[in-house]
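Here's what TrEMBL has on this protein:
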type: DOMAIN; residues: 1-290; note: domain 'Hcy-binding'
type: BINDING; residues: Cys209, Cys275, Cys276; note: Zn(2+) binding site
Amino acid sequence: MLLELLAEKGRLLADGATGTNYFDRGLTSGDAPELWNVQSAERVAQLHQEFIEAGADIILTNSFGANARRLRLHDAHDRVIELNRRAAEIAREVADRAGRRVVVAGSIGPTGDLFAPLGELTFAQAVEAFAEQAEGLKAGGADVFWIETMSAPDEIRAAAEGVAAAGLPYVFTASFDTAGRTMMGLAPAELPNLAAALTPAPAAIGGNCGVGAPDLLLAILEITTADPNAVVIAKGNCGIPQVTGDHVHYTGTPELMADYTRLALDAGARIVGGCCGTTPRHLAAMRAAMESHVPRARPDVDEIVRRLGPILLKQAAGRPDGDRPRRGRRRA
Ligand SMILES: [Zn+2]
């Protein structure tokens, strides 16, 4: 479904943020957004609907943290199948009403635990957690598994293995938030080789979240340089993050995200979407940019900075916690 639609349309628009938009709609910090699938399904459906109206070809289910290890924090670890199935059902129902083909991508985030020997998570446990999540997403009607915000190569391998039994295609994207690499040291240029060693192979690879949109595009350039034939996903944050106290604000305007979309396409991405801070209003501008896009030369760093703003690699590296593995964060 994903690759068919991509072949037909040439490039696809994925949706925007889940967390940021839920916070704007009443989610409280510390709550598991996945519980909304049973407690507040109308709000989950509403955001899907708004992204589809804005032009999304792909919507991500509200299941990012719905694995048993992470749900244990909310005492909901015995509800993995239910919460994932509902997440996919809600998205499926909205997608099927769209009047055009919309892909339902089953979002799968990291377990939040570190792999042994740094932490206690074994490879087999991770595979099991991802397999359970995939089973629920498939039961609810997902078209593809969308493994995202990944950091550890082992966790990507475990997720790929875990979803394989369900027999649907999958993609994976990593979050390059630490000096141009993932927190666990994976560089964008290493993604194609990592993907080539997986069976079955992913339908697409790429980057999401991380720091700002300019940094994300640098990562996309590195991936497409390493493998010009890869089907690449760019799901960058909405501009540049600005931290005030505990609050992170993203500076991106719809115009800036439209420009980000043009640059992502020229950098070789075939699937473009937004991560933290990206609202349906931003996504509508991204759709218009995609529709009217006239291909230009591959951008370089200077052009990305000139059009989108500063690269934050160094700042990210210099953060107090920049070099220390943290417990995985939520996509917000
Ligand atoms: Zn994000």
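Cβ coordinates are placed from backbone N, Cα and C, and glycine is handled just like the others.
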Cys209, Cys275, Cys276 as binding-site residues, winner by CB count within 10 A: Cys275
For Cys275 (Zn(2+) binding site), the three-state class that DSSP assigns: coil
Three-state secondary structure, Cys209 (Zn(2+) binding site) (per DSSP): strand
